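Engineer: Dumping the structure here so I can ask a few things about it.
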């Protein structure tokens, strides 16, 4: 079939913008007898056809410059042309010939495994799908893995985790909704174009479905990026709130004060008993294992850098001495028997509560009750703080060379006289 459909022929069979051109003699738009009028082309067949092709190409190049009204008018003229069915049948024949190659390229592509992993993770974390409390389940699992009971601090952290996870979920769903809306709008636009073109050229329903799948595959890159960023945000949130290996949290200031006070008041033997650990754990609001770990770390740090902790030891020693003297003035109970811990011996001042001040004698014996009373009266109402001066309460010489702990030596500010063990004087010469 040599006929080509360009539009309704102009009146009088002349050459128009849209006409039905035929290469056969006597065809529309060509004078009878064949060839060019008057034999201008020397009887060469096809000369007029080359000119027609040039006109067609020129019209195609000017399509973009046409207004909407002009385009609608030419589309209507094409649909109403008497040769439209013939043109459509030719296009269907061509479509059947090329249909095999199109069908061979329509193989279903497998789902991206990375996208499947992202979807599974978002479902497990409670971000994707219906809200089922995935954040609460993750928080409970992390609490169980980190050691059992949920402390108030942990409950606050889990509440923060759930609120931030809900915020991530809200952002994810809002962005996913925008993505789906844009994808649906573009798909609808393309489907409308294909339906409009199906009036001119044959477009099968399967081809429309294939085009929709291509559009979705193009948009899937945006979807994958959104899910990837959401998964990264969830992982960062988990590592910050629920990871058991995260950076340890420091104790409260009050708990640290209590532990340091006990450590420096028992510097000669900083190994609290199980009863003392339980008491300290109750005071600090922590577990017994945390108390044990704190004392173990504190002993190691103190041995490694005694000079650095000497000033801190003096501060807590003064606090302990002041608390002891204030307790002695407020209560008049008799002093307790000397403690037998350590080789040097020590005595306990009554009224000191849980804090004890170990003060061995120079000869290795413990002070008697009369010596304690004499020492207390020699201190005067000013307490230890007035009589200690600038001397150090605890000396680095308290530890043996092999790293083991022993009883503290007599403080430099309190010395035993040489004339006899019956009296104790305060030495403020330093």
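Positions of Cβ are set from backbone N, Cα and C atoms, glycine also.
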Engineer: For the candidates 151, 416, I need the one that Swiss-Prot annotates as phosphoserine.
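Structural biologist: Of the listed residues, Swiss-Prot records phosphoserine for 151.
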Engineer: Given 326-347, 348-369, which one carries Swiss-Prot's region 'Disordered' label?
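Structural biologist: My reading of Swiss-Prot: the region 'Disordered' range is 326-347.
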Engineer: Which residue, chosen from 136, 220, 404, is annotated phosphoserine in Swiss-Prot?
Structural biologist: 136
Engineer: So how many other Cβ atoms are close to residue 159 (phosphoserine), meaning within 10 Å of its Cβ?
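Structural biologist: So the number of other Cβ atoms within 10 Å of residue 159 (phosphoserine) is 13.
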Engineer: Going by DSSP, how much of the region 'PBC-A' (55-134) is helix, how much is strand and how much is coil, in residues?
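Structural biologist: Grouping H, G, I as helix and E, B as strand yields 56 helix, 0 strand, 24 coil.
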Engineer: What are the DSSP helix, strand and coil residue counts for the DNA-binding region (244-306)?
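Structural biologist: Counting residues by DSSP class gives 42 helix, 0 strand, 21 coil.
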